């Protein structure tokens, strides 16, 4: 009990040098036992020295790696401990944590257990980064026996906002420097990427998809570099963290007009267009040539559409039912704190569109009628005249029909009509010669 009392006094020891001294003070290498011989009644004391086997470590303390916030257990295995004591200490902090079954430190996260005095466990809950380092297990022999184990505490990365850049606004053409500081164990690495995965323009002729380092510097920034940049910190301990930094590039408005001359007929509708680029977002409106601003009405409808890039805007002005007073000059105007710009569109009168005939359409003529046959007379003169008339009529019909029958829209009918015409022509020639012969003969 005296030895235990001596060891308990070690709770006030705060340095490793005194720990060794305390171990020496409490060391017990022999056990002295006094045997009293009562059989003789002389009361003589016989001292007998009993040799006690010294304790030894049976295994090394394993090095342990644990993420911050978890719990960890270090094991120190001994044999032949007997009446000796085991203590745990944090070597770098020169702090006694436990002695035997007692917790010496005031840290509520530390506790100690044992397995029948053979294995002594040091428990640390909710591990923090400051808990890392060498831990010493010591037995209070005459020459203190010690062994060490190392506790690695890994800490996922965290970004220090107070030392990192926040959103920035710069003028076009200026230089921009973004900074990102991160803490963690092991020390985190920093990478920069654009939120939309486009390239980062470092200088005019140098662009990259990723930039590694705490500091990202971009020279002569342009509107194309505007957007969100991600600072990504990682050290192999999940989770990886990131910080989003928005870079805004200010510049005065610029205008692009696709059609500066627009023609439209009377009483038609027409749409005028302008494209603007500006940051901050510009105030966009339309005016007439006399400077009066155009307002939404039954006559006019205005529409502004933001493009894929936020600094681009598509301006439209719809003019309904054009009259002669609507012809003239129109202006699209864009203003922002950095400047002002305008563009001119002239609306003039044009002829209404004409209907173009379908080139595939065909006009089909009506079919011709076959020549009529007159009834022959018995009188020779009449017969002759009739034959001449027949010839003339046949010739006239042939001329009127073009001498061909191929204009008919039915292919079979075209062939039949053509053969009939040839037969009629041959018959007319025969009648002509017969009439001629009879006239001169008689």
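From the backbone N, Cα and C atoms, a Cβ is placed for every residue, glycine too.
Unlike curated entries, TrEMBL annotations are predicted automatically.
If you look up TrEMBL, you'll see 349-359 marked as compositional bias 'Low complexity'. According to TrEMBL, the compositional bias 'Basic and acidic residues' annotation covers 371-382, 390-402. Under the heading domain 'Ig-like', TrEMBL lists 55-147, 157-248, 252-350. Taken from TrEMBL, the feature region 'Disordered' covers 341-406. Annotation source TrEMBL lists signal peptide at 1-34.
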**Q.** Per-state residue totals over the domain 'Ig-like' (157-248) - DSSP helix, strand, coil
**A.** 6 helix, 50 strand, 36 coil
**Q.** For the domain 'Ig-like' (157-248), mean pLDDT (0 to 100)
**A.** 96
**Q.** Secondary structure content, the domain 'Ig-like' (55-147) (per DSSP, counts of residues)
**A.** 3 helix, 48 strand, 42 coil
